[in-house]
Structures are given as structure tokens and as C-alpha cells.
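A short write-up of the structure that comes next.
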Amino acid sequence: MSYLRTAILLAGMTALFIGAGYLIGGQGGIAIALMAALAMNVFAYWNSDKMVLSMYGARQVGAHDAPEFHAIVARLARNAGLPMPKVYVMDNPQPNAFATGRNPENAAVAATTGLLSSLSANEIAGVMAHELAHVRARDTLTMTITATIAGALSMLANFAFFFGGGSQNRNNPFGVVGVILVMILGPIAAMVVQMAISRTREYEADRVGAEISGHPLWLASALEKLHGAAHRVDNPIAEDHPATAHLFIVNPLHGGTMDSLFSTHPSTENRVRRLREMSGNFPTAKTSTSPWEGRRHGGTEYENGDEHDNGDEYDNYGGGNHGGGRPSGRTGPWG
């Protein structure tokens, strides 16, 4: 089923690309856009994950660089029945995370330094379980290719605008009007496609991620923190490349807070509500122990996290000063 969804998505994005080519260059534009789209689909399949990781300056870390963060991902991957993904850290103050890769055997998960320094270990586990749910469902290929082609569609319109747009091309009945239409409608159409695949998959990844971790409230608490922080802290790279916004667990763009027609993410309030409703079906959700309880996290001592009004006790890392689940001393569990 995942392969069928990917094929439908690629066909839809290719059709958008070809339509843009026709509006810009007429019959000749169709041929050029078709060849470009085919080449881009092949390139995106093999390289889109590397492009996104490079775009965000993500650096790979291992068990020696980030022992506790790496251990969290490893344990969750075993729970999910997945191969161990590559683990990356992005030097970005905005708390956020995403997964990428063409299949589970070539997957990667990435978290920002802002996320690792502001969440408790249990909350980090909730986020990583969500990302591994995307990996298991093979959403990562679909989402990353969508980001690549949507970005290319915007670049195509900008290129046409600055380099002529075919206004004197006899084969183009639209001229500069076609260029303007592509510039206006192209990004909107790409966003609608992204929205269609992203919203439902975020809900599903929340559900499956809760099953992987066994604690829906870990993710619920993390989402509440991420939502507030993501719209207070800038993510300049995401603002420059909005086509990648749907990859993240929460929308990294300012102005993306509403569950509106053009939002690629469902509202955080709805997601948290669903997770809280799920928690009653998880026997472990009300129990106290965490697999990371009492351990030191990346050389950083953690204290008891806040005990939320839902009764879920967050991790205890055996520190000396009460930090509400925040690290003291070093800035995060990545090394």
C-alpha cells in the first residue's frame, strides 16, 4: 500500500510539474518539464534524504558522541522492529525533529539541539517514537520526495520569471501570464498535496509512536512544549525552504499555528487531545518507570520531571537540583 501511495504522489507531483511547464513554455515546456520531472523523481528517490540533512546542517552522531540520545533511539527501534536508523543532530535552537530516508534500512532521524536541551528523556523518547512510526510506515520517502519536488516547482517558477517566461515564445499561448499563474498557483497546489499526505500521516504516526513507546502522554507533553517553543524561536532554514516544513513533527514556520486549509500539520491541540484519549488504553501509561530512569543523559544530570496532572510521571535522572526535566550543566543529551 505504501508503494501505491508513493506512486500516486509521484504521479501527482509530476503532473503539477508538467502543468507548470506548459504554462511557462507551451508544448515545448511540457517536453522539458516531463524530462526534468522524471530525472528529478529518480534523483529524489536516491538523494532527497541527503539533501534535506545537508540543508539543515545535520551532523551524524553515534553511541560515543551522544550515548543517551543514541540509546533512546536504539531501544525504540528494537521496540518497533526496525533496523537502527542513523542518528543526527541539528545545531538549531528551535525544538523540532524529523525522519527521512527511502526505506527503513536507509532511514535517519534528526533532532535539533533545542529539542534535546528542552525536553525530558521520556519526552525525547515520545518524539523519536513518532519519527520511527514514520519510518515503519515508509512515510519518510513520500514526505522527502514531496519536499524536493515542491521546492523544485517554486524554483521553476522563479527561474521562468527571471529568465523570460517565454512571453515571446509562439508555442506558449500564455506568455508572462502563464509564468505569473505558475508563481501563484504552483506553490499553493504543491502545499495542498503536502497537506493531504501530511495531516493524516501525523495523526497515524502519533498513534503508532505511542504504541512503540507505550506511553502516549510522553508525546503529548512533548508536543505541547514543542508547539509553544517552535513559534517563539526562529528556524531560518525552514523559513527559507518552506517546502520542507511538513517533514517536522511540529510546523517550524511562523504563522503556521492554525489548523487551517493550508496548514501541513494538524493542530497540536487536536493531536494532544487524541493522545490523552489513547492513554487510557495503555497499561504502562500510568506507571512510573522509564527505561532511562536513574541514568545520566549525555554527561548531564537530570532531575525529576514535572508530574503532570494526567498522572504520568516523567523520568528521573538522579541529578542534584530540581530542573523540571531540564538538564543542568551541559546543554543536551548529544554528547
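Cβ from N, Cα, C; glycine included.
What TrEMBL says about this protein:
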- E131: active site (ACT_SITE)
- H130, H134, E202: Zn(2+) binding site (BINDING)
- 281-291: compositional bias 'Polar residues' (COMPBIAS)
- 293-308: compositional bias 'Basic and acidic residues' (COMPBIAS)
- 317-335: compositional bias 'Gly residues' (COMPBIAS)
- 65-278: domain 'Peptidase M48' (DOMAIN)
- 275-335: region 'Disordered' (REGION)
- 7-24: transmembrane segment (TRANSMEM)
- 30-46: transmembrane segment (TRANSMEM)
- 141-162: transmembrane segment (TRANSMEM)
- 174-197: transmembrane segment (TRANSMEM)
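For the recorded site, E202 (Zn(2+) binding site), the DSSP three-state label reads helix.
Within 10 Å of the Cβ of H134 (Zn(2+) binding site) there are 27 other Cβ atoms, across all protein chains. Neighbouring residues of the recorded Zn(2+) site, listed in sequence order and excluding H130, H134, E202, comprise A99, E131, A133, D139, R201, E204, A205, D206, G209, I249 (Cβ within 8 Å of the Cβ centroid). Restricting the average to the domain 'Peptidase M48' (65-278) gives a pLDDT of 85.
Once Cβ contacts within 10 Å are tallied over all protein chains shown, the recorded positions E131, E202 are led by E131. Cα-Cα distance from E131 (active site) to E202 (Zn(2+) binding site): 10 Å (rounded to the nearest whole number). All protein chains considered, the CB of H130 (Zn(2+) binding site) has 28 other CB atoms within 10 Å.
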